[in-house]
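To start, the structure itself, in structure tokens.
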Amino acid sequence: MCCRRQWEGQGPDRPQEVSYTDIKVIGNGSFGVVYQARLIDTQEWVAIKKVLQDKRFK
């Protein structure tokens with residue numbers, strides 16, 4: 001599996017786009033899910049946290 005994400009970065013280089021692969025769930029809880037992934041450019045392992053939106057705060 002391979003993904004590409006774009007977000008507002010900091011400084012003059014924004015927005016930033018990051019490509020990653022080898023995604024697997026390494027944890028989850030009431031606030032969201034944590035994934036382990038490998039950055040394609042550097043082969044570095046990273047953790048990505050996807051925070052779930054709580055319907056009470058919408």
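Cβ coordinates come from backbone N, Cα and C, glycine included.
Curation does not apply to TrEMBL; its annotations are automatic.
Among the features that TrEMBL reports, ATP binding site is placed at Lys50. Classification of Lys50 (ATP binding site) by DSSP places it within a strand. Lys50 (ATP binding site) counts 11 other C-beta atoms within 10 Å of its own C-beta, drawing on all protein chains shown.
The domain 'Protein kinase' annotation in TrEMBL covers 20-58. This prediction places the mean pLDDT of the domain 'Protein kinase' (20-58) at 90.
Per DSSP, the secondary structure of the domain 'Protein kinase' (20-58) breaks down as 3 helix, 24 strand, 12 coil.
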